[in-house]
Amino acid sequence: MPINKSEKPESCDNVKVVVRCRPLNEREKSMCYKQAVSVDEMRGTITVHKTDSSNEPPKTFTFDTVFGPESKQLDVYNLTARPIIDSVLEGYNGTIFAYGQTGTGKTFTMEGVRAIPELRGIIPNSFAHIFGHIAKAEGDTRFLVRVSYLEIYNEEVRDLLGKDQTQRLEVKERPDVGVYIKDLSAYVVNNADDMDRIMTLGHKNRSVGATNMNEHSSRSHAIFTITIECSEKGIDGNMHVRMGKLHLVDLAGSERQAKTGATGQRLKEATKINLSLSTLGNVISALVDGKSTHVPYRNSKLTRLLQDSLGGNSKTMMCANIGPADYNYDETISTLRYANRAKNIKNKARINEDPKDALLRQFQKEIEELKKKLEEGEEISGSDISGSEEDDDEEGEVGEDGEKRKKRRGKKKVSPDKMIEMQAKIDEERKALETKLDMEEEERNKARAELEKREKDLLKAQQEHQSLLEKLSALEKKVIVGGVDLLAKAEEQEKLLEESNMELEERRKRAEQLRRELEEKEQERLDIEEKYTSLQEEAQGKTKKLKKVWTMLMAAKSEMADLQQEHQREIEGLLENIRQLSRELRLQMLIIDNFIPRDYQEMIENYVHWNEDIGEWQLKCVAYTGNNMRKQTPVPDKKEKDPFEVDLSHVYLAYTEESLRQSLMKLERPRTSKGKARPKTGRRKRSAKPETVIDSLLQ
């Protein structure tokens, strides 16, 4: 029995936020930029210095985990992504996404260099982790793993694994499923190598471009989704299905046109990217602000798809990527502020038990039906087995007209062993037929034809049996049995992850011990400072405290000034977007006013409505108007006239001067294109023109 949502255990967790700082790249070194970011991995703090202002105090941010420029890919995975993927394998939804300015290493964190095991990112490492877990599961547990890959390019959702990557897909929502993409292709995978091949295929179709800040800049947001269904026996003895979805999101970076040098198509892409990231920031702000009653999920495709990941049914980890150069000071501060705000988002994740859109139970049911068919044998008609059986399968039935009719019984079941026996019997009868020389030629041909017919039917049954076996094998390949070694090449990667995880645990214990010792020393120092032996020492102590408070005051003032500047920049950006939209709106209104009459404009406005699902205006009942109806209506053939149609053009419907004039005008011969009358024939002569006749009649 499916469990109601209210009965499912919920875990209320905050969004986990980690920060990763990349090292200075070659371009920044050649331009002699200074390092403005300091990372303290033990304390979990990021400190940003403003190098061109010595009076301004540094800004410090604290997060769950921070990674410096020397951090390893395996450490990043084990500390951040491993807990999320373990939760997905238990049946929770999970989301991992990288956020930050363009060129800060988001794609490297998520994907890395797949050819080198030590440099693989979160997505490839998750493949080995998932199938490593399946290989260690119990033998009666069944798994089904499927993947999909999409991108959001210029606010259009595209399928990176479909035949046509430029086709625009629609975002839909259902109460039982939630937000989903209509017609998005998904592929069932059996091992980590299959996943890697599919990801490589989708990555080739992704939109990338070069800017001044990044040669391989992602021009779209990409979401790689892994759906893991698990079927195992519950306490009640019944089989229960759990389904976890893992969304691995690689966001395009926010960018400034002055720094990236984007023009033309790149500028249009940057505008759309910045708008969607701005909406993401607004969603984060609305979720954190307790007073906000509306969360603008629908303002962009990205936030609509991440609706469950931010404040919904999901365990979410956000990796904020920053650059260390003082050149990107403003962008780094902005990213850290958004990340600091996202820490306060609360999600309510629950295990998805017996979901309606699970495929594992459907596959298992089909496998059982196919096995049952194969055990019982194929269905072939009684006449296909043998001549003697054909006589037994027919029995007389007398109808109302007294004539005898034959009724065929049900179909016979033929097992594989029975097929072998039948084949041997057919061979024996063929040999016996060849040895009988005293038979008539007609009887021999008849017997041979009967044997060929039976052999053909037997061959057909064997082919159907083989087809069922192949279908069963294909379905069983899709369903993965727990405890089977599926790692292949990924086994080495899983081993590497395990070793790195053990090493991290030891380092974490040592770091925790050092942190406790450091706190104790700090407390001892404070206690010593509190004990003054003279007024002079007390004055020195008070002066130190005063300096600390003064530093904090200056930091608060600097923070306020930075916030005002950032707010001003956001306002300017929004105003620029408004000006651009206003120009486009004026152009559209000019076209409409010059080509569509005012009455029709009002009619269109009355019958138009906004469709939230596809983000477009739609006209009501447009299917029953214009060309749509003209396509369905058959065009009458002008050459063929209706035999029942009567020409009533010459009949007076009213005896008025105008009707008389019109009826006589029709008698005039048609004129040629030059305006001259056609030559008169000998049969038909008119003494006067119609105008003369009309005038005479009226007089």
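Glycine is no exception: its Cβ is also placed from the backbone N, Cα and C atoms.
Computed from a predicted structure; not experimentally measured.
Straight from Swiss-Prot, the features:
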- G100, Q101, T102, G103, T104, G105, K106, T107: ATP binding site (BINDING)
- 355-590: coiled coil (COILED)
- 672-687: compositional bias 'Basic residues' (COMPBIAS)
- 14-345: domain 'Kinesin motor' (DOMAIN)
- S687: phosphoserine (MOD_RES)
- 372-421: region 'Disordered' (REGION)
- 663-699: region 'Disordered' (REGION)
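For T104 (ATP binding site), the number of other Cβ atoms no farther than 10 Å from its own Cβ, over all displayed protein chains, is 27. Remark: K106 (ATP binding site) has A98, Y99, G100, S218, D250, L251, G253, C319, N321 as non-local neighbours, by Cβ distance under 8 Å and separation of at least 6 in sequence. A sphere of 10 angstroms centred on the C-beta of T102 (ATP binding site) encloses 25 other C-beta atoms. Remark: of the binding-site residues G100, G103, G105, the most isolated position is G105 (fewest other Cβ atoms within 10 Å of its Cβ). Here the domain 'Kinesin motor' (14-345) returns a mean pLDDT of 84 for the predicted model.
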